[in-house]
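*Asks:* The annotation domain 'Aminoacyl-tRNA synthetase class Ia' is assigned in TrEMBL to 25-109, 179-759. If you look up TrEMBL, you'll see 799-928 marked as domain 'Methionyl/Valyl/Leucyl/Isoleucyl-tRNA synthetase anticodon-binding'. The domain 'Leucine--tRNA ligase RagD-binding' annotation in TrEMBL covers 941-1013. Residues annotated as domain 'Leucine--tRNA ligase ubiquitin-like' in TrEMBL: 1064-1173.
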Amino acid sequence: MAQSTDKTRKGSAKLNQLVDIEGQVQKKWAKERIFEVDAPQPGSEDAKKDKYMTTFPFPYMNGRLHLGHTFSLSKCEYAMGFNRLLGKRCLWPFGFHCTGMPIKACADKLKREMEDFGYPPQFPDEQPKEEKKEEREEPIIVDKAKGKKSKAAAKAGGLTYQWQIMQSLGLTNEEIKDFADPMHWLSYFPPKAQSDLMRMGLKIDWRRSFITTDVNPFFDSFVKWQFFHFKSRNKVKFGKRYTIYSPKDRQPCMDHDRSVGENVGPQEYTLIKMKAQQPYPKKLSVVGKKPVYLVAATLRPETMYGQTNCWVRPDMSYIAFETNKEEIWVCTARAARNMAYQEYSAKFGVVKKVADLTGQDILGMALSAPLAVNKIIYTLPMMTIKEDKGTGIVTSVPSDSPDDFAALRDLKNKQPMREKFGITDTMVLPFDPVPIIEIPGFGDLAAVTVCEQLGVKSQNDKDKLADAKQQVYLKGFYEGVMTIGPYKGQKVQDAKKPIQKELLSKNEACIYKEPEKLIVSRSGDECVVALCDQWYLDYGEEQWRSMCLKHLESMELYAEETRKNFIATFDWLHEHACSRSYGLGTKLPWDPQYLIESLSDSTIYMSYYTVCHLLQGGSYDGSKGSPLGIKPEELIPEVWDYIFFKDAKKPKSTIPLAKLDQLRLEFQSWYPVDMRASGKDLVPNHLTYYIYNHVAIWPTESDKWPKSVRANGHLLLNSEKMSKSTGNFLTLSEAIAKFSADGMRFCLADAGDGIEDANFVESQAEAVILRLYTYLEWVKEMIANKGTLRTGPADSFNDRVFLSEINKAAAETKGHYERMLYKEALKTGFFEFQASRDKYRELALDGMHVDLVWKFIECQTLILSPICPHLCEHIWGLIGNKLSIMHALWPQSGKVDEILVSSSQYLMDAVHDFRLRRKNIMLPKKNKPAPIKPSHCTIYIAKTYPPWQNTVLTTLRKLHDDKNGLPDNKIIAGQLSKEASLKKYMKKVMPFVQLLKERIAKMGLKALNLTLDFDEEKVLAENLAYIASTLDVEGVKSEWSEKADDKIRDDCTPGQPFIVYRNEPCVNMTFVNPQANNGHFQMTVPIYEGDHPLQIISRMLRQDRGIKDAKRVKLMRYEDVEMGPRRMPVMGQTEEGKVAVEANDAFSIQSEAVMVQTNGKKINVGSQMAYYVN
């Protein structure tokens, strides 16, 4: 469980309010059955609508759903919400996977643990095992689609026993014992998963949920129908094939059957047979006259011409065993175990061992090596050979292997080392690297060249040798040319296969395979590669593969890396074992001793979703019976054909045709799947099989093939991998309790969009709770104060900007939803949209317009609803909508005035710069009095750039157009130095270039325009009041830079105004409010030369926040400036003896007296005036 943030949360009231809302909304949805949808009748209005069907790989039911599941399935959820807003008929069904080994293996483990350790089990204390780090012999290209840790290992969380794993799920001992029955898992976990998902608020039609395996006779019949067609279309075959195999389970071990090694396949080696020469070492004397071979596994048979010796590790254990051809092979016991399952032993899986050996026992043996220029080579010592890779016998080609060259050179140079291992000089000194491959840049002794270039001194220089291998191996394979043998002159990659075939045909080599990494089955068995009889799907069949690849070209995959991962899978995928003899599932209909494995019954089940609600009646296993009265045994293959194939004839069936047509209509109405979302780790298996199987079942109906796949990366939690063992883990249920459903959904959407790993940060989820609550409270405030919002024409500068920004947010966010970029959708549809609202609220000094506020609330609520549906449903009702927001449509976006929006951004950027300048001038200087707060400012704006800047801009524009982008500064400086007009400005030129580059990064190429798209003077003029308010000055005016001094003219350019602050004299005026009981009191306000009443009122508003609208304030002067302020006001006659100040009147200052200019006369107003608030 992730570390709690409850310690930092001051209170849970906000969270509780969101959770309460979610509960109410979910009850509303359930009551209205909003997400239960049936196929529309042909010709109806609903039938004319576009449809959208999304699916998610059904999760395996051996535990509770966690945040990783939730991140992937959230993509379906957001897509459903968005497509509903587009007015489509939307369907999201959700099932639960129970097929395969895991549940049965876990149940059997629990049974064994109770037998071995009692009930409740008392386990022995064990030291935790350190995870073994894997090392690679040769450089390989990493497949980013493959996860580093299997799902089973992640769920185990480092726990040793199954009982402990169940305890980590919060189960009591009494509850756990029931899980020794595999059927209990099928009834326990699916309801838990559905409950968690319903609390999340998913838009799922739960009538269409089901579990797999033959426990569900309806689904069982469906899978058998699928495989009948595979058999009849020759897609499933029987024969000996290499597969990952569990000796303990005595069956193939597919991805979902593994606790370690998911997505790991067999690695093919060429097994080089190096024949031992007589006399044999003493320990091999037991073999008599039988031929003895040291067998080495290599990935590079084409380099065998250059063998100079054979490496063994002196302290490693080896065995000699007899093959089915009565040959004696020497290798490690681990490799011999693999070979025993690949028809190299007389009996499948049995190693006929004839001797135990160490590497020391076989050092110095004379060997005859296939293809080698040297007719006899010897076994020599190498201490770095690994027992868990290959056979422990290693061929040595020092011309093209840096490791071999360094080790051979060490033996040649170090006589004591030779003597230590009993190696004579004749076994080493005569053997030099043999040129066999010419590599551009490295010559024909590539390993020698690169080792010398990198300064490799010995075989202990591991880092340098790793670098050398990377360079030599990859360049050698792709660019090397053979210089020896019958393939001389051919590229290495072209010669490799023919050379391998030659070795195989002469019985000088064999094909040997082993798992490319450690694979452990769910029963705890280390797996091998076996060549065994099995039913397999022939995914390598060329026509089938070509059809799938062709379809892949037309599929929407949302990320180029996903496409590359699919293509890479198509390149290596050939056969896939589709049967097993242990576990849960559906029996192969023609060979019932086998079960159909979990990656093969989960490829076209999405089509079953379309009809299962009419077959199973909402029960997971179909036990409630069919609403149509259909029995499982009536679902013969011809019935399924009629349902799923458009050209199928009416079957001979006891099921009435009207019911069959109802089922058929459901399928035809909803299929194909419009979008399937999944983690990227399923691309190399499930998602590829998903495409293959649809093409196989509907070969002539391409309109039933998948339309799109959205793959995502793994989810990190607080920037670290989720792991139960470290406590950095959250189940779906825990996340909802901690952050609310909407809070969690928001944070999942914001976690990341690409195929790279995303990050769910708990502190950010806490902040989301506050953001959502704040939005809700603001909406409530607007509803309560709707009558105080501004009415009339919404045509001010800021009104028009805000309207454009609303339209822009709707349009941009729609594009992000369409591309399934939900982090981006939140950026434009929430964060920036809320910022636009905040900006409007700040700029609209005369108040926000009621129509625009309501438009914003409606738009914000709609475009956020796919991600936070509960809160948005609640707000949708608060603002007066009777129907659910689930029936609403995406907001209509009107015209976006981009120039207006950019002019508003210009205003905000300019004001930001003005604030920074004000802050700087207010900083106290050393040994000087504190600066006086400025009262006024002048903003200088430029019509054009200074001539030298004009030249720079023009030159940069030309360079950009000529080179399709800006070159580096060196080229720019060189070009500008040629301009004579810039000579005296050279110190300023490059800083100006750097400034322009920063603007280009922010604004694009329009930063190089010589003029602006908008009227800068007009924008400032319309917002002088706001500028004065935000800068806390009493007066602002704008001037053209032509009137300023040279320094200002240099700093002032189009779009970059320059501000100068100053102080002007003022006289403080006392304003009193004679109105009774209104909460407005006396205040002192400064009066400046040239003030108009509105300016004075604006200052008053800054002091009295209770006055919301300047238009409601009236200023009055006393007729008698001496006695008027002294008289007590008479109730109901407070304006007697006072004269209203008109809007056009102007104030002036003479000495300490304040005068007002009205009707051509200057009148002294004294030291006190009155104000009234209407």
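Quick reminder: no glycine exception, Cβ is built from N, Cα and C everywhere.
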*Asks:* Do the domain 'Aminoacyl-tRNA synthetase class Ia' (25-109) and the domain 'Leucine--tRNA ligase RagD-binding' (941-1013) share at least 3 Cβ pairs closer than 8 Å, excluding pairs fewer than 6 residues apart in sequence?
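*Replies:* Contact absent: fewer than 3 Cβ pairs fall under 8 Å.
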*Asks:* Find the average pLDDT over the domain 'Leucine--tRNA ligase RagD-binding' (941-1013) in the predicted model and report it.
*Replies:* 88
*Asks:* How does the domain 'Methionyl/Valyl/Leucyl/Isoleucyl-tRNA synthetase anticodon-binding' (799-928) divide up by DSSP, counting helix, then strand, then coil residues?
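*Replies:* Breakdown, helix to coil: 94 helix, 1 strand, 35 coil.
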*Asks:* Where DSSP helix means H, G or I and strand means E or B, what are the helix, strand and coil counts for the domain 'Leucine--tRNA ligase RagD-binding' (941-1013)?
*Replies:* 53 helix, 1 strand, 19 coil
